[in-house]
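The 5-amino-6-(D-ribitylamino)uracil binding site feature in Swiss-Prot is assigned to Y27, A58, L59, E60, C87, V88, I89, N120. Summarising the annotation, Swiss-Prot assigns (2S)-2-hydroxy-3-oxobutyl phosphate binding site to E92, T93, R134. Here Swiss-Prot flags H95 as active site, proton donor, drawing on sequence analysis.
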Amino acid sequence: MVTPRRDSGSDRPSLKDARILVVEARYYDDIADELLRGATEAIAASGAEAEVVTVPGALEIPQTVAILVEAAMRSGKPYDAVVALGCVIRGETGHYDIVAGESARALMDLSVLLRLPLGNGILTVETEAQAQARARVSEMNKGGGAAEAALAVLALKRANAAEHPGRTIGFTPRRAAETAE
C-alpha cells in the first residue's frame, strides 16, 4: 500500500532568501485588497520577500509574469516563485470563459516551461458574493492559499536540489545510449 506523504512544514528548507513575484489584477479593488493581504501575509510568515506588481486585469497577468521573470533572470536576480492574484466574475457573455481559461492555461504553461513554482489565485466565480467569501482572509483566504501553494512547490524544488545536487526537478528523458546499456 502506498502511503501519501504529507508535508508538515517543519522539514521544509528555509525560504528566507526566496524572492516571490506577486502579480495582482485590480479589476475589483476590494477583492484584490483581500487577495493581496492573504498572499503577502503567507509570504511574510515563510520568511520570503514579496515583490508586488499590479496590472489591470487577469489576462495581463501571464504576459507580465513572462516579462518580469525573464528580466529578473537576465539581471541575475531571478524570482523563486510567482503568485497570481485576480478575479473573474461571470457576466452575460462568453468573455468570462476566455479570460478564466486562457489566463489559467498561460500561467500553467509558464510554470511548467520555466519550472517555476506558481500559485494561481485568480478567482473564477459566478457572483461577487462568492468572490468576496473566497478572497477574505477571515473566510476562505484564497490569496493566502495561492501563496502557500507556490511556497510548498518551492520548498519541494529546494529539497530536491539539496538531495540531488546538479539535478533539476522534473522529467529528464533518458538518452538512447543510457537505455542501450
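Note that Cβ sites are derived from N, Cα and C of the backbone, with glycine treated the same way.
Features per Swiss-Prot, on structure.
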{"residue": "A58", "record": "5-amino-6-(D-ribitylamino)uracil binding site", "contacts (Cβ under 8 Å, 6+ apart)": "A25, Y27, G86, C87, V88, V99, A100, S103, I122"}
{"residue": "L59", "record": "5-amino-6-(D-ribitylamino)uracil binding site", "contacts (Cβ under 8 Å, 6+ apart)": "V99, E102, S103"}
{"residue": "E60", "record": "5-amino-6-(D-ribitylamino)uracil binding site", "contacts (Cβ under 8 Å, 6+ apart)": "A25"}
{"residue": "I89", "record": "5-amino-6-(D-ribitylamino)uracil binding site", "contacts (Cβ under 8 Å, 6+ apart)": "Y28, Y96, V125, E126, T127, E128, A131"}
{"residue": "E92", "record": "(2S)-2-hydroxy-3-oxobutyl phosphate binding site", "contacts (Cβ under 8 Å, 6+ apart)": "none"}
{"residue": "H95", "record": "active site, proton donor", "contacts (Cβ under 8 Å, 6+ apart)": "none"}
{"residue": "N120", "record": "5-amino-6-(D-ribitylamino)uracil binding site", "contacts (Cβ under 8 Å, 6+ apart)": "A84, A104, L107, M108, A146, A149"}
{"residue": "R134", "record": "(2S)-2-hydroxy-3-oxobutyl phosphate binding site", "contacts (Cβ under 8 Å, 6+ apart)": "L123, V125, M140, K142"}
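Residue pairs drawn from Y27, A58, L59, E60, C87, V88, I89, N120, the listed 5-amino-6-(D-ribitylamino)uracil binders, are separated by up to 16 Å at the Cα level. With all protein chains in the displayed structure included, the most crowded Cβ environment within 10 Å among the binding-site residues C87, V88 is that of C87. When each of the binding-site residues Y27, T93 is scored by how many other Cβ atoms sit within 10 Å of its Cβ, T93 comes out lowest.
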